[in-house]
Amino acid sequence: MKFLTQFLSLALLTGCVVMTSCSSNKETAEQKPGIEKTVYGQLPNGQTADLYKLHNAAGMTAQITNYGGIIVGLTAPDRNGKFEDVTLGMDSLAGYVKGTPYFGALVGRYGNRIAKGKFTLDGKTYTLAVNNMVNHLHGGLVGFDKVLWNATPVEGDEPALKLTYTSKDGEEGYPGNLSVEVTYTLQKDNALRIDYLATTDKPTVVNLTNHTYFNLTGGAKRDVLDHVLTLNSGNLVPVDNTLIPTGKLMPVAGTPFDFTQPTPIGKRINDSTDTQIKYGLGYDHAWVLDGTGDSLKLAATVFEPTSGRVMEVRTTEPAVQFYTGNFLDGTVTGREGFPYKKRYALCLETEHYPDSPNQPNFPSTVLRPGQTYKSSTVYQFSTRKE
Ligand code: GLA
């Protein structure tokens, strides 16, 4: 009897029901931060790609495959605490292999464009693949988004996935064996942090980024034109009609590129009187971030009024390419067969300026033996009432 009384009072104290599963404990178990690995599928060359599901104590999840380091899914709560996916993505590995416009992918060696696929370094000219009109884009034909990375899960309060890849001397035309390490960390405070490191054995150029397409409505319910954007930038990197920088910077004041104050993305996106808008078919430009130094600085804030979701982007990079999915046309069908249409997402690709290898006045993207390329970006989610 004494035994039973003690047992019952213990059960009451912990809120458990005798002989059935304890719901509060179950919730605690589900909320325990961690990382699970499953087989994602087979690549055409027979290699196996894995899927890693990171989850934090707050309930946020990030699903990442070691094929292309792709973020396959990322959930964030709305103002009522409902978790939904805030990215565009595919249902299966086959979907990614078939081809997407870099959904969720790691991009390298050079995120963005290099004019005519050529650059000269230490007097030697290198020729890269031309895969975007007359230019080189996002690392070439088989960029870092299409290779299998080695993956190491790192358990902890803030679960992480460390990905490594060695890009061979001459791969896609770039000089030097480049050792790359990218770590995704799902932080306690509903932030996904990406840390990039690289070293080389010959002088080369590096500009790594991630190409996630965000739609904060959750489940990509509609286009992103009502998302409200703030960019910490007073200057744009204007481009020519092939989206290669002119070499000058352009103050954003008084133009459709001024996001220094919170502004709906759709407000000026179709301003056909603006040459830069015409060239980009909307927004597809690099903004120079204000502030200097190697520490993380606020680059962008995005607010989606109906869900209340807010995303803040912090980076150590000097620029951010803001792209509004202008080339999406509904031909790529994503999760659950959903056609991703024009402007159904936005990308905030933190990086150095486009075509820096050919622009002596831009911050340098050259990496030499003995140096370590370091870059970090944090995408943090929260909510606001209005
Ligand atoms: C980047 C480019 C765009 C487009 C997308 C992928 O954001 O700047 O022009 O190529 O990648 O479709």
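Including glycine, each Cβ sits where the backbone N, Cα and C put it.
What TrEMBL annotates here:
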SIGNAL    1-23  signal peptide
BINDING   ASN112, ARG113, HIS211, THR212, TYR213, ASP284  beta-D-galactose binding site
ACT_SITE  HIS211  active site, proton donor
ACT_SITE  GLU349  active site, proton acceptor
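Recorded features from TrEMBL, shown on the structure.
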residue: ASN112; record: beta-D-galactose binding site; CB count, 10 Å: 29
residue: ARG113; record: beta-D-galactose binding site; CB count, 10 Å: 25
residue: HIS211; record: beta-D-galactose binding site; CB count, 10 Å: 24
residue: THR212; record: beta-D-galactose binding site; CB count, 10 Å: 25
residue: TYR213; record: beta-D-galactose binding site; CB count, 10 Å: 28
residue: ASP284; record: beta-D-galactose binding site; CB count, 10 Å: 19
residue: GLU349; record: active site, proton acceptor; CB count, 10 Å: 24
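With respect to ligand 1, the binding-site residues ARG113, THR212, TYR213, ASP284 contribute ASP284 as residues with a C-beta closer than 6 angstroms to one of its atoms, given in sequence order. Among ASN112, ARG113, HIS211, THR212, TYR213, ASP284, the residues given in the record as binding beta-D-galactose, the maximal Cα to Cα distance rounds to 18 Å. Among the binding-site residues listed (ASN112, ARG113, HIS211, TYR213, ASP284), HIS211 has its Cα nearest to the Cα of the residue listed as 'active site, proton acceptor'. In three-state terms derived from DSSP, ASP284 (beta-D-galactose binding site) belongs to an extended strand segment.
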